[in-house]
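Please read the structure below before turning to the comments.
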Amino acid sequence: MNLYQQQNHFLEIDKKNCCVFRDDFIANVLPPVLGLEFVFGLLGNGLALWIFCFHLKSWKSSRIFLFNLAVADFLLIICLPFLTDNYVRKWDWRFGDIPCRLMLFMLAMNRQGSIIFLTVVAVDRYFRVVHPHHALNKISNRTAAIISCLLWGVTIGLTGHLLHKKMVRNRDANLCSSFSICHTFRWHDAMFLLEFVLPLSIILFCSARIIWSLRQRQMDRHAKIKRAINFIMVVTIVFIICFLPSVAVRIRIFWLLHTKGTKNCDVYRSVDLAFFITLSFTYMNSMLDPLVYYFSSPSF
């Protein structure tokens, strides 16, 4: 791959016209943000996994789903130091092609896994509150574990293409990124949008039905019920704050690609910067998910 028109940030990736920016702002501002997310995310999710593994006296299907959520968050968090180094070096990846593929895969897989299990937790709570006698509330731990394995399989299948994504080499830097601005709509872009829109719809539906059901029964004044409502609100608010901004900016980028193309990359500088800033919010989700464990289980 050769770098063309460096002053215009034009790059050809896989025979597609792309725009790549190596701004000082990302190198100076995002590493401290990711550093905080790493420290607090590692502590929060590490503590959660420790409680799951050594302090829970009994397992239930809901706790199995929460455990898998903690695993996904923990695996994502441990990738952040490598991403931070990538930002500090302005997209000059120094660890080789295979580690680049693994990092991109791990970030995407565990971001998607975290979203999926967060959605499953919301659905599980929905059935327990709105349909307390439904058969799904009586699934065994073994069935919950099988469901979790199947969901991991789906997640790996949807993100495994990143293991085949080669690092882009040129004379100035080794580009390791799955979110370049290219004049094409890729599978990875489709998944990035779908993994937000579909779970958000499910979470909003479950949250609204749970709150409505509790208020219809006039149960929303009890302390235990208030805790359940707080849990629902935390899940919904955390999800929207962490994922909506980056999705909105990505849609803006797609619109600009549709109307402007990639002949003049300068028009993408501000939205590219906005995207990577808001993308850091998605990693914040893994840092904040321990709040979900706290509100959902007395063990926390």
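Each position is counted from 1, following the chain as shown.
Every residue gets a Cβ built from N, Cα and C, even glycine.
Features reported for this protein in TrEMBL:
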- 33-52: transmembrane segment (TRANSMEM)
- 44-293: domain 'G-protein coupled receptors family 1 profile' (DOMAIN)
- 64-83: transmembrane segment (TRANSMEM)
- 103-123: transmembrane segment (TRANSMEM)
- 144-163: transmembrane segment (TRANSMEM)
- 190-211: transmembrane segment (TRANSMEM)
- 231-253: transmembrane segment (TRANSMEM)
- 273-295: transmembrane segment (TRANSMEM)
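Per-stretch counts of Cβ pairs under 8 Å to the transmembrane segment (33-52) identify 273-295 as the leading one among 103-123, 144-163, 190-211, 231-253, 273-295. Contact counts against the transmembrane segment (64-83), taken as Cβ pairs under 8 Å, peak for 103-123 among the stretches 103-123, 144-163, 190-211, 231-253, 273-295.
Remark: the transmembrane segment (231-253) makes no contact with the transmembrane segment (144-163), by the rule of 3 or more CB pairs under 8 A.
Contact count against the transmembrane segment (144-163) (Cβ pairs under 8 Å) is highest for 103-123, out of 103-123, 190-211, 273-295. Long-range contacts of the transmembrane segment (103-123) within the same chain, counting only residues at least 6 positions beyond its ends with a Cβ under 8 Å from a Cβ of the stretch, are 62, 65-66, 68-69, 71-73, 75-76, 79, 82-83, 147-148, 151-152, 154-156, 158-160, 162-163, 165, 176-178, 188, 191, 195-196, 199, 202-203, 206-207, 232, 235, 239, 243, 282-283, 285-286, 289, 292, 296.
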